[in-house]
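**Q** To start, I am sharing the structure in question, which I have written as structure tokens.
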Amino acid sequence: MSAPAPSAAAPVLAVRDLAKSFGGVHAVQGVSFTVEAGRMVALIGPNGAGKTTCFNMLGGQLRPDRGEIALKGRSIAGLRPREIWRLGVGRTFQITATFSSMTVRENVQMALISDAGGIWSPFRAARAQHAAAAEALLAQVGMLEQAERACGVLAYGDLKRVELAVALANRPGLLLMDEPTAGMAPRERVALMALTARIASETGIAVLFTEHDMDVVFAHADRVIVLDRGRLLAEGPAEAIRQDPQVRAVYLGSGTVSGGH
Amino acid sequence: MLDLILTQTLNGLASASSLFLVASGLSIIFGVTRIVNFAHGSLYMLGAYLGWTLVAWLGPASPLGFWGGVVLAALLVAGIGALIEIAILRRIYPAPELFQLLATFGVVLMIQDIALAVWGPEDKLGPRAPGFRSFVILFDSRFPSYELLLIAIGPAVLALLWFLFRKTRWGTLVRAATQDREMVGALGVNQRLLFTSVFAFGAGLAGLGGALQLPREAATLHMDLSMIAEVFVVVVVGGLGSVAGAYLAAVLIGVLHAFGILIFPKITLVLVFLVMAVVLVVKPYGLLGRRPAGQPRATAVEPLLRPADRATKRAGLLALLLLAALPLAAPDSLLLILTELLIFTLFAASLHFMMGPGGLASFGHAAYFGLGAYGAALAVKWLGAPMEPALLFAPFLAGIAGVVFGWFCVRLSGVYLAMLTLAFAQIAWATAFQWVELTGGDNGILGVWPSAWAVSKTAFYYLALAICAACVLLLRVMIFSPLGYGLRAARDNALRAEAIGIDTMRVQWAAFAIAALAAGVAGGLFAFFKGSVFPTYLAIPRSVDALLMVLLGGVQTVSGPIVGAFAYAGLSEQLAKLTLYWRFALGLAIVLLVMLFPRGLVGGFLAWRERLGPGAGAR
């Protein structure tokens, strides 16, 4: 909402006709959408709608059966996760993925070292590298005080923030967040998403996130994409989606139960 | 020519049957309990020995005596299996898989000495089966009829297993538990009984395999490890948990062996290696195996790894100074022991590098130690090289092996990785053992002496101290370098590591090669220290030495391998002095250690310190 609407000429992410099947299950069937710089776009839908499958194709964890995924005009469909990351896509996972044997700061340093291409250095001490930059990122997400704690012992909400700092380390143009607030307390949810929205508007990062909590979606998303059983059901500004009778029928529960399942 | 091919095929099929019996037992046990039973080859050996005794006792001449003895032997081994499950395995199901493997290896050592005590060191030539002593003329050549019987037994057991798993309640439970253990437990099935019965059943199959093998070959004390290595190859190729896959792979390997021996014996192992390599590249989980279901193992939360604090650094420096000053006072005999200890410390540290930060548990690390030793010895023997270049050639050979074997190994993880590393080590051992022209076979290579300046005990001690200390410190530096961090990142969370641009497989491959190089340095030094090399340098027990040193010290500590090497070497030396049956004592010690200190000595000490002072851990 607060986005200063940067020139919407070319979208950061353009997805066209994306499809993936597992055996006979058509998880995603021909989905198309775009995400623009500085915008928060929510991908929602009931369980089994194909959100995570979509996400895993965007992040490279799954190879699409067909369709185009263009990042700033460059096709990334079928690339590996690490190649996609190098092209400027940060990612957080539904179940937080961090390095438990490292401190919070070292987790972020790891991403910074990798971004600088410094992994293949066997003789220099890693702890000294990019320490200041790591602390700056941690300050941004409010985790600086806990920088020296082990990731294995953090509270879940804090882990999510560490993951966000890690995902931002390579200054991505696109941030993919799968269920960023799952398992968090309500107040933490609002704080994390407000933080994300602020970062998006300040840096012009395009953010695509999946979310179950409709309060979070309608409070923070500039635009909402609704999936249902692998198909695109609706797409538009949050307020329009909230009013869409079709969306209400299959998803939000307007009192009428959709037939067929 | 055609009849030769046919008879060799039949030979291969006959030897496949025993292999299949043991492999399917291992596979079934793994499916339900998720434990790779290292002692399965030992159960096979027990089956052979018990069969030998029972058949002799019941009367080898009568069919009832022979077959009764075979069946009774299988039943007895099943009973022994049940005992092992109840006494040991039941207590370690929640332990990390590495420790489970280690505990079953403890059982291997114990059974080895039990067999030695009961049956003595001589090979036991088996009785021939009554009614199957003649030959059948097939394709103009004589073919033992017992072989035909064995060929039939393989598919018969396969069919029986199929019936058991599809048509009986017990079999259904086993299949259900293989797919989802927790669910079966939640449904109110008596898990303890199921696990014990499955283990006994698998053990019985191995025992049967051993007893049936009697008319073909003598029972020996070496058949346990040679069988387990072959079975690991079969299981990796066929797919762990798949009985049909085990049969398919057993036939493939059996036939391959039969032809290899016919055409060119030395190439057999290479052939097996190549087949395994191709299968693993095309189907990483074996011909009929499936990717392990669900989570890729509940990622354990590993403790933080911090660089040494000042006190630890000071202690390390002090120890180093002490070691450097020692020759002034110590007698030569102590210097010899310490030289060996230094070499083993480097060996343990090299394994720790890939196993601790890398999470890559090698059960065949002796391959690189041994290849280092052979590298040095071969350079001396065939190139006439003096010590200095030979010491450089040692890590070179070990490193090449590390690069080649590692390429395959890093494609797998957990127990698959452990089995594959062991199989590679066995191949390296067999090559050294069989390629007599190059390596001297069992007689080894003698006369690998150091250069004149390093001949004295003191000089060689300093050489070993300088090289080993430098290498151990270098490995330490690497653990805290970006590469070491990347290695830990790949272990902690491969998903995240890939998502921040780390090529996890390449990082692990590099770690594998580095570990092999360092082990090669240790092996090269060892060759000059002993003045000779033998195939035992690459044998499985040597791999287990290294594993024990690392685990004894604690995997997730940096100083662990150093402490572990000294503790282990001291322990085994004392045991060897105290008792003739040191293997039994060592095996028992391993089993108890796994039950009592699942985090190793240094790990246990750190945990104890943390409990004592709550302020120290929290920071």
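Backbone N, Cα and C atoms are what each Cβ position is placed from, and that goes for glycine too.
TrEMBL lists these features:
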- B:12-36: transmembrane segment (TRANSMEM)
- B:43-60: transmembrane segment (TRANSMEM)
- B:66-89: transmembrane segment (TRANSMEM)
- B:101-120: transmembrane segment (TRANSMEM)
- B:148-165: transmembrane segment (TRANSMEM)
- B:231-253: transmembrane segment (TRANSMEM)
- B:259-282: transmembrane segment (TRANSMEM)
- B:336-354: transmembrane segment (TRANSMEM)
- B:366-384: transmembrane segment (TRANSMEM)
- B:415-436: transmembrane segment (TRANSMEM)
- B:459-487: transmembrane segment (TRANSMEM)
- B:549-568: transmembrane segment (TRANSMEM)
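Can you tell me where each of these features sits in this structure?
**A** If one looks beyond the transmembrane segment (B:12-36) by at least 6 residues along the same chain, the residues whose Cβ comes under 8 Å of a Cβ in the stretch are 43-44, 89, 93, 97, 100-101, 104, 147-148, 150-151, 153-154, 157-158, 161, 174, 177-178, 181, 194-195, 198-199, 201-206, 208-210, 212-213, 216, 227, 230-231, 234-235, 238, 240-243, 245-247, 249-251, 253-259, 415, 418-419.
Nonlocal intrachain contacts for the transmembrane segment (B:231-253), taken as residues 6+ away from its ends with a CB within less than 8 angstroms of a stretch CB, comprise 12-13, 16-17, 19-20, 22-24, 26-28, 30-31, 36, 40-41, 154-155, 158, 161-162, 165, 178, 272, 275-276, 279-280, 283, 285-290, 415-416, 419-420, 422-423.
Proximity of distant same-chain residues to the transmembrane segment (B:259-282), defined by a Cβ-Cβ separation under 8 Å and at least 6 residues beyond the stretch ends, is recorded for 4, 8, 12, 233, 236-237, 252-253, 408, 411-412, 420, 423-424, 427, 430-431, 434-435.
Sequence-distant contacts of the transmembrane segment (B:366-384) (same chain, at least 6 residues past either end, Cβ-Cβ under 8 Å): 347, 350, 390-391, 393-398, 401-402, 405, 421, 424-425, 428-429, 432, 438-439, 445, 447-448, 515-517, 519-524, 526-528, 532-533, 535, 537-543, 545-546.
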**Q** Which range wins on Cβ pairs under 8 Å with the transmembrane segment (B:459-487): B:43-60, B:66-89, B:101-120, B:148-165, B:336-354?
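**A** The stretch with the most contacts is B:336-354.
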**Q** Which sequence positions outside the transmembrane segment (B:66-89), separated from its termini by at least 6 residues, show Cβ-Cβ distances below 8 Å to it?
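**A** For the transmembrane segment (B:66-89), the list is 33, 35, 39, 43, 46-47, 50-51, 54-58, 60, 100, 103-104, 107, 127, 129-130, 195-197, 199-208, 210-212, 214, 591, 595.
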**Q** With Cβ-Cβ distances below 8 Å as the criterion, list the same-chain residues six or more beyond the ends of the transmembrane segment (B:101-120) that contact it, or say none.
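**A** Beyond its ends, the transmembrane segment (B:101-120) has Cβ neighbours at 35-39, 41-43, 45-46, 49, 52-53, 84, 88-89, 92, 95, 219, 221, 224-225, 228, 361, 363, 415, 418, 544, 547-548, 551, 581, 583-584, 586-591, 594-595.
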**Q** In the same chain, which residue numbers or ranges, 6 or more beyond the ends of the transmembrane segment (B:148-165), come under 8 angstroms Cβ to Cβ?
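**A** Cβ under 8 Å, 6 or more out: 10, 13-18, 20-21, 24, 129, 132, 136, 171-172, 174-175, 205, 212, 216, 243-244, 247, 250-251.
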